[in-house]
Amino acid sequence: MLDFIAELPRKILSRRPLAYLILFLVVGAYFLWLNSTPSFTDPDSFYHAKIAELIKDFGPVKDFHWLPFTTLDDVYIDHHFLYHLILIPFLLVFNPLLAVKISAVIFAALAILVFQWLLDKFKIKHSLAYTILLLFVHQFIFRINLAKIPSLSLIFLLCFIYLLFTNKNRWSWPMFALSFSYVWLYGGWPIMLGIALVYFLISLKAKLFSSTMAGIICGLVINPYFPQNILFYWQQTIQIGLINFKSIINVGGEWYGMSFFSLVQYDLFIIILLILALLIFFIYLKKQDSKNWTLLIISIIFFILTLKSQRNIEYFIPLVLLFSSFTISDFLEFKKINLISQIVKLYFKYQTITLLFIILSVLYLPIIIGANFNGLKENLRKNYNFNQFTGIVAWLKENSQEGDIVFHDNWDDWPVLFYHNSYNRYIIGLDPTFMYLKNERQYWSWKNITTGLTSKNICAIIKDEFAAHYVFVKIGNEKLKNNLDQDNLCQLVYYDKDGFIYKIN
């Protein structure tokens, strides 16, 4: 009886294609439910939809004149170029916003499927348990369900890890092609290079590292944005990603760190599993191979990066689960332990302790379910609906001249304004660092006006310093609205549920 119970999961999963299809459909249905609202929690999704649409209609975007007060006006590259190309087939079927949302669901479900596939390729024991655990990490699921690059980037990295761990020390064209493509896909390409470097330092397989390095270099040089992309990556990867100005200016929320206690609070089972894997790893240190060492080191690196910027949780969690699964599976293999059989035996042998553990787990379930179902769906439907600012931009299109500059009070709103109205130009967007790096004085002038710190003669300042003809004030910014109402150079010309438009005389 015990042997039958122990073998049942293996028999169910023995038909891999069917199992993968079921997994993809079930996870896809769950993610579709999470995303079943006409809104985006991250405004960057509007930017991706617009850029993909522009590429479809006019080719690669090289002249980025929509943000003249940022470094993007001087040096712009589409560092998600391949991602935007991949979106185009979706745009041929759906409108751009729906296309981006549907693609996000598909890519997120594929990321889970590729994670399971990777575990199976290395014959990880009880692999499905790790995938299920991954699905219950709500910060991770939130990140890969954002309608932008995280899920697709993770797919590339998981495939890269597979190639890295399975290739012998010889030149690899698949690794070259994948690393080349990753540069075109995402400005975070140093992640792939870093993983290859760690594996090289441990395994001393120089040709694999050379394949990756060559792919990265060729991806940078054989590029529609070369050589401007080199300067842009310095700004995006080093100045924004690593150095970061979050202690000086207000950057995007994903760039702020996650505390260790928050990590433990929300990912308790992951931390417990990691501790168990670490104990096994160091107790049986001599039995650990280069794969386990690599996964341990890059997990530690991404743990540190997650504490610095919470956006890195999308890599930290799957890497920790990979490290734990590889380490524990190797342990079960060389100890000849049938885990399910052992669990069943332990249950009957230590029923009191086992029941206590089950009770504690059941008590913890409401937290997990609340965060992973209701909480996740609520978080993914917040912020920006598809029709946000449509009245505002319709008025601007009808009453302004092409290229007129609109002074707006929230940098986060720019992608939405840009999607609905690329007819006008704006002040700041994507990340405030781009404006701060171009002109610190102008950044602080914009910041002080929009927050109400500068209250006198603001229309004259906006007109003279920013050459703006119109001011858009989002609903809720009473300080700026009151200051504009008291300025004779400004006139309220339009308002609706989203905000107010003032014309500068």
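Glycine is treated like the rest: Cβ placed from N, Cα and C.
Counting only same-chain residues 6+ beyond the ends of the transmembrane segment (18-36), those with a CB under 8 A from a CB of the stretch are 12, 101, 104-106, 108-110, 112-113, 116-117, 131, 135, 141, 145, 147, 376-377, 380. The transmembrane segment annotation in TrEMBL covers 18-36 (among others).
Annotation comment: TrEMBL describes 82-115 (among others) as transmembrane segment.
Counting same-chain residues at least six beyond the ends of the transmembrane segment (149-165), those with a Cβ under 8 angstroms from any Cβ of the stretch are 80, 83, 86, 104, 107-108, 110-111, 114-115, 118, 121-122, 143, 172, 174-175, 178-179, 181-182, 185-186, 188, 191-192, 195-196, 199, 208, 212, 291, 294, 314-315, 318, 322. What TrEMBL records for 149-165 (among others) is transmembrane segment.
Under the heading transmembrane segment, TrEMBL lists 177-202 (among others).
What TrEMBL lists as transmembrane segment is 208-226 (among others). Under 8 Å from some Cβ of the transmembrane segment (208-226) lie the Cβ atoms of residues 60, 62, 77-78, 81, 160, 164, 167, 169, 171-173, 175-184, 189, 192-193, 196-197, 199-200, 232-233, all in the same chain and six or more residues away from its ends.
The feature transmembrane segment is assigned by TrEMBL to 263-285 (among others).
As annotated by TrEMBL, transmembrane segment applies to 292-309 (among others).
For 353-373 (among others), the entry in TrEMBL reads transmembrane segment.
Scored on C-beta pairs under 8 angstroms, the neighbour of the transmembrane segment (177-202) with the top count among 82-115, 263-285, 292-309 is 292-309.
Counting same-chain residues at least six beyond the ends of the transmembrane segment (263-285), those with a Cβ under 8 angstroms from any Cβ of the stretch are 133, 136-139, 292, 296, 299, 306-307, 317, 320-321, 323-324, 327-328, 331, 334, 364, 371.
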